[in-house]
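For reference, the structure discussed in these notes is given below.
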Amino acid sequence: MKSFCVKAPAKINLFLHVVDKKETGYHLIEGLFVFANLSNFLEIKVGEKDSRYDNSTVEFINSESKINNQYNTVMKAVNLLLRHAPVRTKVTVKVVKNIPIAAGLGSGSSDAGAVVRTLGKLWEIDRTILNEIALNVGADVPASVDSKPVFVRGIGEELCHIKKFSLPTNVVLVKPKKRFLSTPEVFSKHEGKFSEPIKWSDDAEKDLLKFLKETRNDLQEIAISFVPEIKDVISTLKSQEGSILSRMSGSGVSCFGIFDSEENAKAAAVNIGKKQPEWWVCNTQLIV
């Protein structure tokens, strides 16, 4: 038996534009995805040769709400990967959840990305096949396989990795406790005008802050209509000393604030935690 202990970092959408909608119902997006030190931890065990693959299991620990052990992103990734395994085997995965679920931080997508990355390397599966598997599991999973800053297009399959990350890496994440949002439900309410596609270039990387201030999260107002408290979270982050950019991540409900220094980020997290005990607050660093 082989055993691996891996991290699945939280995903943050620094911006998210909805640019079109396919006949299949999928929305086409553009966004800048980054990943944080805040992580779930996965213990992946691969059984001996000729183990029964249908005995593969997933167990979740420390999740703030119950996750179906049979129908989830990790099990879906495992089942798809097993089709390309060089030997008949089984996989067991134990996931320690530190990233809130259904909160716009890619908790499930990052778990699946870590599984695709780990088993893909172990079984030497071609990267093209891995990308197809990742997209089959979920739109955010392809970006989560490498967990590096990336500009994303399409439904999540077009990736342009950031060569130079010109932003401070000090981040505070905030989420109202016991509030969750369904990504499909939030997207289904997007009925407004689509955003114009962005012409991404190396120039945008030179001053990411300037670039980001000209962007937004097209799902933010929709999410606020479901959870009005999101508006308070964003304004609270903006009001903290050293805050340079604050908005909602993904389809919500979590929000992020980027700060000019580690000291100001730590102070903001402490301050918000004291004033808003009903909010989950996390001071972390971006992975660049």
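Any Cβ shown, glycine's included, is placed from N, Cα and C.
Quick look at what Swiss-Prot annotates:
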type	residues	note
ACT_SITE	Lys11	active site
ACT_SITE	Asp140	active site
BINDING	Pro100, Ile101, Ala102, Ala103, Gly104, Leu105, Gly106, Ser107, Gly108, Ser109, Ser110	ATP binding site
Separation of alpha carbons, Lys11 (active site) and Ser110 (ATP binding site) (Å):
7
Compute the C-alpha separation of Asp140 (active site) from Gly106 (ATP binding site), stating it in Å without decimals.
7
In three-state DSSP terms, the structure that Gly108 (ATP binding site) belongs to:
helix
Proximal but sequence-remote residues of the same chain as Gly104 (ATP binding site) (Cβ under 8 Å, at least 6 apart):
Asn13, Leu181, Met248, Ser249, Gly250, Ser251, Gly252, Val253, Ser254
At the level of the C-alpha atoms, what whole-angstrom distance separates Lys11 (active site) and Pro100 (ATP binding site)?
11
Please state whether DSSP places Lys11 (active site) in a helix, a strand or coil.
strand
Candidate with the highest Cβ count within 10 Å, taken from the binding-site residues Pro100, Gly108:
Gly108
DSSP three-state call for Pro100 (ATP binding site): helix, strand or coil?
coil
Applying a 10 Å Cβ distance cut-off over all chains shown, what neighbour count does Ala102 (ATP binding site) have?
18
